[in-house]
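Peer 1: Taken from Swiss-Prot, the feature region 'L-carnitine dehydrogenase' applies to 1-327, supported by similarity to another entry. Residues annotated as NAD(+) binding site in Swiss-Prot: Gly8, Gly9, Gly10, Val11, Ile12, Gly13. What Swiss-Prot lists as region 'Betainyl-CoA thioesterase' is 328-487.
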Amino acid sequence: MTTAAIIGGGVIGGGWAARFLLNGWDVRVFDPDPEAERKIGEVLANARRSLPGLSDMPLPPEGKLSFHADLGEAVTGAAWIQESVPERLDLKLKVYRSIQEACDPGAILGSSTSGFKPSELQEGALRPGQIVVTHPFNPVYLLPLIELVTTPENSPEMIERAKEIMRGLGQFPLHVRKEIDAHIADRFLEAVWREALWLVKDGIATTEEIDEAIRMGFGIRWAQMGLFETYRVAGGEAGMKHFMAQFGPCLSWPWTKLMDVPEFTDELVDLIAGQSDAQSGHHTIRELERIRDNNLVGMMRALKAQNWGAGAVLNKHDAALKPKALPDLDTADLTQPILTLSRAVPLDWTDYNGHMTESKYLEAFANSTDRFMEIIGCDADYIAAGGSYFTAETHIRHLDEAHAGARIRVETQMLLGQGKKLHLFHRMYEGDKLLATGESFLLHVSLETRKPCAPSPEIEAAMARIAEAQAGLSYPEGAGSAIRKPA
């Protein structure tokens, strides 16, 4: 088990702790705040509810979390040390000195700083090349972007190792090759923030109206396509040059007060805080965090279905987890029902009753059928060559409830696999509890004629192998059932 040390257990430090812990790392936390354990516990509760459901594969077993009163004890032997202390350069440099006196020279020391350059953090350090900026975005346990900012002091080998570790956590390391104050993303956030302050101060818009302008329009566009690609599309068939020619004159118009900052007075603070309370004060912070996480999970899973943006990052992480998560024809115990799905129930799989909605049982069983098809050789290459299976009939029994975050698995028994016919019986479990069964009858088809036909000899052989191995299994209870006519 690999160990990470988290120095500073606030919102960001807690998010880092959750990201490492839920990806199988042991985590040691150092934070003198007597409330640190409670605060991190609340962040972890949110993370356990939301992060596992982003993946279509099971995450590794959760690591061990421990809290330490001694900084040296926390960092000794850690492979990754993440500093998330307050944004004071003198404090950070003091903390680095203490860390480097105790830590492994080969450990990566990442800073969550949103503003300082890595060269500033490396100044006077015992080992400057050990320190990099790894700037995350809240919630750290969900959002994949990490701005990895380096200097010539950092070796190429160390930089690649840092990237590899972050990718293993399901993150997207964006290597910022030239350091600058506030890196990349926070410079955009600061520009938008300054413009928003002016709009409120001048009475043009309220905090709620500004938020609506973002979340009802360009915020959604940016989330899926960014800034430049969005404008490229806006240019139509003529592309980016047309867009630039069309809107270039705007640069000389009074459309922004970007470099002109309103005076930061108590009156401005009270004005914005009051409007914000009126806008969102009916929700607690914890409620808002859960609303945020629900929305982020839904949006990122939608991007995942398109293999786009943050969704493509999630799919790559799933692909890395898959070989260890599900067996194939040669590694499965074919004498028993075969594991064809193992995952957590995502937030967007639940309904108004607070449990997994019926359409998602069908989706889960369909995914299990797809996995069984892969096991017998009907994979993407086979389908591209013109053969596949079509489902002719499905029957689902709902036997118990599943809730968001529940770790479920599906085990599949082949009742018939002969010629063009494939008859499967799926059982869905949470632990030892049987939640549902799904029965499917499929026909092998030619994608050219769209009519049933015999599968390849390789698929026939794989089905025969499974049929022989599972011959001793009893016929499942519930198989062949239908909804009975009411008495």
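Positions of Cβ are set from backbone N, Cα and C atoms, glycine also.
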Peer 1: Among the binding-site residues listed here, Gly10, Gly13, which has the most company in the form of other Cβ atoms within 10 Å of its Cβ?
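Peer 2: Per the Cβ count within 10 Å, the most buried is Gly13.
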Peer 1: Need one number: mean pLDDT over the region 'Betainyl-CoA thioesterase' (328-487).
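Peer 2: Mean model confidence (pLDDT) across the region 'Betainyl-CoA thioesterase' (328-487) is 96.
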Peer 1: When neighbour density is defined as the number of other C-beta atoms within 10 angstroms of a residue's C-beta, which of the binding-site residues Val11, Ile12 has the lowest density?
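Peer 2: Selected from the binding-site residues Val11, Ile12 on minimum Cβ neighbours within 10 Å: Val11.
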Peer 1: Is Val11 (NAD(+) binding site) helix, strand or coil when read with DSSP?
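Peer 2: Once the DSSP labels are grouped into three classes, Val11 (NAD(+) binding site) ends up as helix.
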Peer 1: Given the NAD(+) site residues Gly8, Gly9, Gly10, Val11, Ile12, Gly13, which other residues of that chain have a Cβ within 8 Å of the mean position of their Cβ atoms, reported in sequence order?
Peer 2: Ile6, Gly14, Gly15, Trp16, Asp31, Lys39, Ile40, Ser84, Ser112
Peer 1: Let me check the 10 A CB neighbour count of Gly9 (NAD(+) binding site). How many other CB atoms are there?
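Peer 2: Within a 10 Å radius of the Cβ of Gly9 (NAD(+) binding site) lie 25 other Cβ atoms.
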Peer 1: Count the Cβ atoms, other than its own, that fall within 10 Å of the Cβ of Gly8 (NAD(+) binding site), considering every protein chain shown.
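Peer 2: Other Cβ atoms found within 10 Å: 23.
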